[in-house]
Amino acid sequence: MSTSVEPNETEALLRKQNDLSTTASIEEKYPHQQGEAAEDDDDTLKRTQYDEAKETAESLKQVESILAPIVFTALSFFVRFYRISVNDHVVWDEAHFGKFGSYYLRHEFYHDVHPPLGKMLVGLSGYLAGYNGSWDFPSGEKYPDYIDYTKMRLFNATFSALCVPLAYFTGKEVGFSMFTTWLFTLMVALESSYVTLGKFILLDSMLLFFTVATVFCFSRFNNFNNKSQEFSRKWWKWILLTGVSIGCTCSVKMVGLFVTTLVGIYTVVDLWNKLSDKSISWTKYIQHWFARIVALILVPIFIFMLSFKVHFDLLYKSGTGDANMSSLFQANLAGSDVGGGPREVSMFHSVITLKNQGLSGGLLHSHVQTFPEGSKQQQVTTYGHKDSNNNWIFQRARGQPYYDTSGNTTDIEYIFDGMHVRLMHPQTGRNLHTHDIPAPVSKSEYEVACYGNLTIGDPKDNWTVEIMEQASDEDKMRLHPLTSSFRLKNEVMNCYLGVTGTTLPQWGFRQGEVVCYKNPFKKDKRTWWNIENNRNAVLPPAPEDFKLPKTKFIRDFIQLNLAMMATNNALVPDTEKQDDLASSFWQWPTLNVGIRMCGWGPENPKYYMIGSPATTWTSTVGVILFAFIVLYYLIRWQRQYVDFPSTNPHKLKLFLMGGIYPMFGWGLHFLPFAIMGRVTYVHHYVPALYFAMLVFCYEVESFSSRLNKPNASPVSKLLYLAIYIGLLSLVAGTFWYFRYLSWGMEGPKEDWKHLKLLESWRVSDDQYT
């Protein structure tokens, strides 16, 4: 069978043969050019594969940046929400902050050492839970059925859980690699003390949230703080948000001043560097100052003051904290018993109370007990509570005729500026008196006591009324309750009645010390007094149309903050009592002790607040190690080594934002508790721990990055992965092992003996039950 071929097909076959022959001849004549063409094809293929791999990596990076924070946040919410309502009793400081939340819902004024924002948020949680504020959260009591305490706890736990995504994004902004960011985020998510505190109605999670937010915002701002982006919208956005976060942190607890100082250090360094940059004009440099003054000073102050304005507006009824404010402020509270008497003060007939206008305030007080040393006469103190021993009566000065008490009520002697008087204590019949004897505590001033009676005494009983200010439009020469500020000068000793702010020892019932100041300056409010209550059966009541002047917000704001400071300074350890919950600063980073947060009987779940060994111990080692790292770099810098070349700005940024500033943050939040005199507790380490974990993760990043260089061997890359897998597993495994310290240990304490890692942990022992 023959095969026929069409002419066109024949031509095609011939052309193909010729092409093949031509190609073969070219390859034979120019073999090196053919090799180069093959190499070009290989390079093109490699570039294509590289581009595809790069696109894949970028896609995975984008997926990770979305998926990872979601996963970590979900984990954080789970460990904090799980078993959150299993203990239906008031746990630990819920007794304080739950009660403060109730005051907001009842609008009753109260006093506390902390600023109001966190407690107003507690009140908000109660409002959202449908609670009416009628319960005072007695310690250890079971929650009534009408209080949805679970919702209130969930509200607080949300602040704790939201620290985790902020930690993730902070790690990214600082410059951590993906695995280091995961490690840092997991440490925050599974830190036992964070989880435990996040389950209850407390302020610590709110404080931590706003602290973490401040660190994130200023880390984010740092990445826009360069010449190409300065004063851009994002630059302004993040510096303003940093200021808002600072204001919120300080409005929860005054500990926020520590993170404020950290941002201040960063700002000073930044402005100093800009000052030495000759490319920045003076106009632009001044603009940098202006921006920071507005965003980092004025905005936080505004937020802080705004929280107090809302605080005053919400608490418009008389409550338990009235005595810490001025008499005029108290009189303007609804339901107050202050300020209801006559508007004039008269000799003998007016039974008055005297309120000091100094920092510690208090009402002038006396009782039958005497000073153990000095004159050994009847004690005179200041007292913050209502008491009949706070009452005083004006009498004529020693040497003048006694006031006629035969029943003539028409001859009224009003108290006026410059008048010489005696002050008699009606409960004991003795006169307010001073003499050349040192005060019991403040030895440089004169002692004030009560001495004699109506007929027995001497000229040192005499005092001169000096009116300093009048807040109303009434007769400026007369003494008026609430609105007249005055001093009392002893004629013989030439000194002024005042308070020191010092607390007397136990023999003085821990009441305030009263002295006679030898040389006070005229505006010293410790020597200023006003009449708070005025009972007088002879004088008519205040006119119906009379309205007390309102106090000014600024004055109330300053006074309340001074009162908060005074109360905080008074929280010193009592050597005569044992505080089983108190601890020393060195015990926190070492996990030497924790806190039993509730009763330790078998009937209720028990919570032991302590840090996780996997996060606290590692971060403590990290802080110590970092001090040596800084010393190492300083020595090398002194020897003119360049460890942070300008060609690698990422290394310097990572060192500063991941190491130096977090180290400052740890020191600022930890060291003050080592030197302050007030009583301290484990939860005071909560913000400092966050910075310590940042320092530790920087060290992990710094070391591990050397194992993951592009030209690293497979063994190095395997070791790199092993380090992170090991650390992540350690953090997760440690939390899981100790999880019921945070989730609640049910049954007898002996069943949980295996969780007692150190002998000092009071998990299963009978001590301090």
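Numbering starts at 1 and runs along the chain as it is shown here.
Every residue gets a Cβ built from N, Cα and C, even glycine.
These features come from Swiss-Prot:
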REGION    1-44  region 'Disordered'
CARBOHYD  ASN8  N-linked glycosylation site
TRANSMEM  59-79  transmembrane segment
CARBOHYD  ASN132  N-linked glycosylation site
TRANSMEM  152-169  transmembrane segment
TRANSMEM  176-194  transmembrane segment
TRANSMEM  200-218  transmembrane segment
CARBOHYD  ASN226  N-linked glycosylation site
TRANSMEM  252-272  transmembrane segment
TRANSMEM  288-308  transmembrane segment
CARBOHYD  ASN324  N-linked glycosylation site
DOMAIN    342-397  domain 'MIR 1'
CARBOHYD  ASN408  N-linked glycosylation site
DOMAIN    412-468  domain 'MIR 2'
CARBOHYD  ASN453  N-linked glycosylation site
CARBOHYD  ASN462  N-linked glycosylation site
DOMAIN    474-534  domain 'MIR 3'
TRANSMEM  615-635  transmembrane segment
TRANSMEM  655-675  transmembrane segment
TRANSMEM  679-699  transmembrane segment
TRANSMEM  718-738  transmembrane segment
For ASN132 (N-linked glycosylation site): intrachain residues, at least 6 apart, with Cβ closer than 8 Å: LEU105
For the domain 'MIR 2' (412-468), the number of residues DSSP places in helix, strand and coil: 3 helix, 29 strand, 25 coil
Under 8 Å by Cβ from ASN462 (N-linked glycosylation site), same chain, sequence gap 6 or more: ALA397, ARG398, GLY399, HIS420, VAL421, ARG422, ASN490, GLU491, VAL492
Residues that sit under 8 angstroms from ASN453 (N-linked glycosylation site) by C-beta distance, when 6+ apart in the chain: GLY429, ARG430, ASN431
Chain residues outside the transmembrane segment (152-169) and at least six past its termini with a C-beta under 8 angstroms from it: 68-69, 72-73, 75-77, 80-81, 84-85, 98, 101, 121-122, 124-126, 128-129, 131, 181, 184-185, 188-189, 194-195, 197-202, 205-206, 208-209, 212-213, 216, 220, 690
Local confidence of the domain 'MIR 3' (474-534) - pLDDT mean: 95
The domain 'MIR 3' (474-534): DSSP-derived helix, strand, coil residue counts: 6 helix, 29 strand, 26 coil
Cα distance (Å, whole number) from ASN324 (N-linked glycosylation site) to ASN226 (N-linked glycosylation site): 48
Tally of residues which DSSP labels helix, strand or coil - the domain 'MIR 1' (342-397): 3 helix, 27 strand, 26 coil
ASN226, ASN324 as glycosylation sites, winner by CB count within 10 A: ASN324
Seg_contact(the transmembrane segment (615-635), the transmembrane segment (655-675)) with at least 3 CB pairs under 8 angstroms, min sep 6: yes
DSSP-derived structure type at ASN324 (N-linked glycosylation site), helix or strand or else coil: helix
Non-local residues, at least 6 beyond the ends, that sit with Cβ under 8 Å of the transmembrane segment (679-699): 167, 170-171, 174, 176, 180, 183-184, 187-188, 191, 193-194, 197, 204, 207-208, 211-212, 215, 255, 258-259, 571-573, 579, 581-585, 587-589, 593-595, 609-611, 615-616, 618-623, 625-626, 629, 654-655, 658-659, 662-663, 665-666, 669-670, 673
Cβ contacts under 8 Å made by the transmembrane segment (200-218) with residues that lie 6+ beyond its boundaries: 91-94, 97-98, 101, 114, 117-119, 121-122, 125, 149, 152-153, 156-157, 159-160, 162-163, 166-167, 169-170, 173, 188, 194, 238, 241-242, 244-246, 248-249, 252-253, 255-256, 259, 263, 266, 597, 665, 683, 686-687, 690-691, 694
